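Presented below is the structure to which this report refers.
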Amino acid sequence: MSGNFDTNPQKPPNLDPDAIELVQISQQHASFAGHESDPETLRAAGGTPPPEGIDPATIALVEDVPPDGGYGWVIVAAVFLINVNTWGINSAWGIFMEQYIRENTFPEASHFEYALVGGLSVSLALILGPIISAIQRKLGTRYTMVLGSLMIFAGLFSASAASRVWHLFMSVGLCMGFGFGLLYIPAMGLLPPWFSRHRSLALGLATAGAGGGIAWNLITGKLLAVSGLKWTWRILALVSVAFNILCAFLCRERPISSSMGPSKRRSFNIRDFGRTQVLLILLWGFITEFGYVSLWYSLPSYATSIGLTPSQGSVVNAMLSLGVGVGRPLVGALSDRFGRINLALFCCSSCAILCLTLWILARSYAGLIIFALAAGAGGGCFWSTVNPILAETVSLAESSAIFGTICFALVIPTTFGEAIALQLVKGGDGINKFIPSQIFVGCTFLGGTALLMLLRSWQICEIERKSEGMGSGQHEQGHKRSGEENRTEEDLEEGVMASGRSAGVAVLGELRSSAAGMWSPRKLFVARRV
């Protein structure tokens, strides 16, 4: 294989096709190391370094090297503000819900229906992923986000005129939820191509905007007392549309290098569930989202149940948002240093312990604030780490599409998480009536911890397979072994059609072949940066 390069900057290097292919493989399988062109880092990560004799300066010509900053930091700031004015505002629904229940605004409405309104606004943003992807292809990312901003405005503003509970379903649930999806899903897909070494930090800073709920919870509580219910909705609508449209025009895409091959833009594909790492990540999000949604909407009600005032309940919810705002950038920075799966595992297990101990024992204002701060920092680790983890465990080009697939699957927990928690509370007596709900939330994070341990074991197993293949000099066989789960869609479809099996049977077959060796206790508990 030739390794001759012309280093004259006036003419492109004469790259051997085998060298190009080898560097592309290196980029695809070791991008999670954060140093795509560093041979030593690639070897330590189990990837394949470029052949000897290749000048590192020429690698950028054949692989996609993110700028790791630049205009990407502007996009981080814009996505941060989008999160403030979408999920931050959505977190204030707990304050509105408490107001509606306390004043019996809609006598015909049950607690379960109020909970479904908040859950619907989140789940609709996720279930419409395929439609949102089609709109994005038609209108482009920027104008899709502008359309989402206008729909959020319409939903919030029309909620001020609600005279029946079904009006809230239409405005807050359907209209605002659709707007969230049009704005949030395209925005989150913009960041990974701009960063490599600081990818987790960038995602952590951007998703910390969900902690903007600290401002919106405090503002909402104050506005309800001063301006009333109707004008509170209207003020939220006007402020959000101004910020969201500004941020939509600040955002822009960075195309992945054409040398890396075309990026697959698809919204949903059941064959993704046949990839062990994707299924483990999906189940981790599915289970923990039940607890995360319940936690957000339950704290204000729990605060009043232990004798605190509604104003103090809004402060407790604001402290939960503050924990999110402070914790997500910190988790991002630490995960770049200690490993993204490692930090997600630590946060998920810590939140389980907090819910099963501190939350159950919290009977005072100070104790509840401490719990809210700590739980906010670790409870939302899925949303702050899922994109960097996907970039590690699948190719960077595929991570955005698979993120959409995972979002589609999270519809059930985001819709029914709070409703289940409220049903567990219903019929209880006194302070202890929340204990079933608290145990439910804690157990969801325990389940997420177990799934992250398996994902960590899978990742270590894959790294060792690649290292063994490289050490034996049989790169192609090693790549074929480690890339079992990365077979093309056409290969998988051909196998399913030829055998006549259902897609579900094909998924089980993929899991059996790719998960071999991941159950070793040594891999589950070994100290390693992943």
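Placement of Cβ uses the backbone N, Cα and C atoms for every residue, glycine included.
Sequence annotations record features per position, and here TrEMBL assigns region 'Disordered' to 28-50 (among others).
The feature transmembrane segment is assigned by TrEMBL to 71-96 (among others). Residues 117-118, 121-122, 145, 152, 156, 172, 176, 180, 183-184, 187-188, 190-191, 194-195, 202, 205-213, 215-217, 219-221, 224, 229, 236, 239-240, 243-244, 246-248, 250-252, 254, 296-301, 313-314, 317, 320-321 of the same chain sit 6 or more residues outside the transmembrane segment (71-96) yet have a Cβ under 8 Å from a Cβ within it.
Feature annotation from TrEMBL assigns transmembrane segment to 116-136 (among others). Remote same-chain partners of the transmembrane segment (116-136), defined as residues 6 or more beyond its termini with a Cβ less than 8 Å from a stretch Cβ, comprise 90, 93-94, 97, 144, 147, 165, 168-169, 172-174, 176-178, 180-182, 184-186, 265-268, 293, 297, 404-405, 407-408, 410-412, 414-419.
Annotation comment: TrEMBL describes 143-162 (among others) as transmembrane segment. Within the same chain, residues 82, 85-86, 89, 132, 135-136, 168, 170-172, 174-184, 186-187, 229-234, 236-238, 240-241, 244-245, 247-249, 251 sit at least 6 positions outside the transmembrane segment (143-162) and bring their C-beta atoms closer than 8 Å to a C-beta of that stretch.
Cβ atoms under 8 Å from those of the transmembrane segment (168-189) belong to residues 78-79, 82-83, 86-87, 90, 93, 116-118, 120-126, 128-129, 132, 135-136, 141, 144-145, 147-156, 158-159, 162, 206, 244, 247-248, 251, 387, 400, 403-404, 407 of the same chain, restricted to positions at least 6 beyond its ends. What TrEMBL records for 168-189 (among others) is transmembrane segment.
Distant neighbours of the transmembrane segment (201-219): 72-73, 76, 79-85, 87-92, 94-95, 188, 191-192, 194-195, 236, 314-315, 317-333, 335-336, 376, 380, 383-385, 387-388; these residues of the same chain sit at least 6 beyond its ends, with a Cβ under 8 Å from one of its Cβ atoms. The transmembrane segment annotation in TrEMBL covers 201-219 (among others).
What TrEMBL records for 231-251 (among others) is transmembrane segment.
What TrEMBL lists as transmembrane segment is 272-293 (among others).
The domain 'Major facilitator superfamily (MFS) profile' annotation in TrEMBL covers 277-530.
Per TrEMBL, transmembrane segment is recorded for 313-331 (among others).
Sequence-distant contacts of the transmembrane segment (343-362) (same chain, at least 6 residues past either end, Cβ-Cβ under 8 Å): 284, 288, 291, 295, 306, 327, 331, 334-335, 368, 370-371, 374-375, 377-379, 381-382, 385, 389, 435, 438-439, 441-443, 445-446, 448-449, 452-453, 456. Here TrEMBL flags 343-362 (among others) as transmembrane segment.
When Cβ-Cβ distances below 8 Å are used as the criterion, the transmembrane segment (368-390) is approached by residues 32, 188, 191-192, 199-200, 203-204, 207-208, 210-211, 281, 284-285, 288-289, 291-292, 295, 299, 302-303, 306, 308, 315-317, 319-328, 330-332, 335, 340-341, 343-344, 346-348, 350-351, 354-355, 358-359, 362, 399, 402-403, 406, 445, 448, 455 of the same chain, each at least six residues removed from its ends. Under the heading transmembrane segment, TrEMBL lists 368-390 (among others).
According to TrEMBL, the transmembrane segment annotation covers 402-422 (among others).
If you look up TrEMBL, you'll see 434-455 (among others) marked as transmembrane segment.
The region 'Disordered' annotation in TrEMBL covers 469-495 (among others).
Annotated compositional bias 'Basic and acidic residues' per TrEMBL: 476-486, in sequence order.
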When you scan the chain for residues with a C-beta under 8 Å from the transmembrane segment (231-251), skipping those not six or more beyond its ends, what do you find?
74-75, 77-79, 81-82, 84-86, 89, 92, 141-142, 145-146, 148-150, 152-157, 159-160, 183, 187, 190, 216, 220, 223-224
Averaged over the domain 'Major facilitator superfamily (MFS) profile' (277-530), what pLDDT does the predicted model reach?
76
